[in-house]
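Asker: Copied straight from TrEMBL:
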| type | residues | note |
| --- | --- | --- |
| BINDING | 77, 110, 279 | Fe cation 1 binding site |
| BINDING | 110, 148, 239, 277 | Fe cation 2 binding site |
| DOMAIN | 86-280 | domain 'Calcineurin-like phosphoesterase' |
| SIGNAL | 1-32 | signal peptide |
């Protein structure tokens with residue numbers, strides 16, 4: 001039976017940081033009564049902070065099916081300073097964690113809208129992350145990667161935040177993590193997708209670090225990682241989609257299809273490619289392709305969606321996803337802001 005690690009020192013640090021953040025927000029003229037201020041860049045929008053609602057008993061009962069030999073969280077496109085649905089979803093993640101006992105949280109980019117972070121001392125670390133994901137059962141390891149919004153700021157500071165927070169685990173811009181329990185094993189591969197897309201590489205005035213990254217080196221690393229992967233299951237995550245219904249530039253998906261897709265197909269061992277960026281839930285299957293392509297919705301503010309070629313399921317709900325891993329089955333369950341399981345991708349052997 002898995003044992004949850006209680007990080008008491010992390011909790012004490014959280015309490016100190018919470019007090020410090022309240023003082024900081026007060027000095028900035030912000031109101032911090034259950035929510036925190038909106039950055040100047042989005043004051044044109046009327047931002048409101050939702051209030052977490054009690055989870056229905058029948059919904060909570062469904063959570064039992066999310067428990068597996070290995071259970072993992074996935075979230076992305078969160079950073080709204082606690083506004084919209086970010087804080088209620090964060091509380092829901094914590095409440096559910098007390099039931100399903102996730103190993104960790106994978107954060108697939110855009111933790112910080114809109115211009116990333118400037119430094120390790122940027123107040124956004126408090127307002128987008130620490131004060132929002134403060135539930136005791138979210139004092140877990142977090143494994144993030146950069147999204148396009150992080151590339152608008154200081155990506156090195158984003159990587160280095162582990163020097164400040166013991167739960168922030170980002171060893172490199174792209175990396176892999178293996179989880180084992182009994183005879184069950186799963187490998188998660190985290191990719192840095194912004195440098196794989198020409199739009200960002202060519203727009204250095206807005207995304208200054210994108211063109212500095214060696215895209216070919218990352219793809220070569222991915223090739224080697226997948227070639228050597230012997231786990232029961234392999235899941236690849238990145239911020240940008242390969243396939244999706246979206247009004248975003250088609251060139252983004254075409255670049256991902258051209259550069260990333262051949263490597264994912266090469267060894268026939270990738271079960272799911274999961275991403276964010278589009279701010280809704282999508283499950284896409286392509287004819288003759290064994291990979292399921294999944295868009296995980298925003299954990300704060302969702303956008304409309306409609307079916308596209310290969311759509312199995314889509315929803316404009318916001319929320320997060322849970323991976324449930326056993327020896328013979330891998331499930332990725334989409335969770336809406338009410339805690340309901342609205343769709344499950346199930347892969348079996």
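Keep in mind that glycine also has a Cβ here, set from the backbone N, Cα and C atoms.
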Asker: Let me know how many other Cβ atoms fall within 10 Å of the Cβ of residue 110 (Fe cation 1 binding site).
Answerer: 27
Asker: Given a separation of at least six residues and a C-beta threshold under 8 Å, show me what packs close to residue 239 (Fe cation 2 binding site) in the same chain.
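Answerer: Residues satisfying the criterion: 76, 108, 109, 110, 145, 146, 147, 148, 193, 194, 275, 276, 277.
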Asker: Taking the Cβ of residue 277 (Fe cation 2 binding site) as centre, how many other Cβ atoms lie within 10 Å?
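Answerer: The answer is 25.
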Asker: Excluding 110, 148, 239, 277, please set out which residues of the same chain place their CB within 8 Å of the center of the CB atoms of the Fe cation 2 site, keeping sequence order.
Answerer: 76, 77, 108, 109, 147, 149, 150, 193, 194, 240, 276
Asker: For residue 279 (Fe cation 1 binding site), which residues in the same chain are close in space, meaning a Cβ under 8 Å from its Cβ, but six or more apart along the sequence?
Answerer: 77, 297, 298, 301, 302, 303, 318
Asker: Suppose the Fe cation 1 site is 77, 110, 279. Which further residues of the same chain have a Cβ inside 8 angstroms of that site's Cβ centroid?
Answerer: 76, 78, 109, 113, 147, 276, 277, 278, 298, 299, 300, 301
Asker: Average pLDDT across the domain 'Calcineurin-like phosphoesterase' (86-280)?
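Answerer: Looking only at the domain 'Calcineurin-like phosphoesterase' (86-280), pLDDT averages out to 98.
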Asker: What's the number of neighbouring CB atoms sitting within 10 A of the CB on residue 148 (Fe cation 2 binding site)?
Answerer: 22
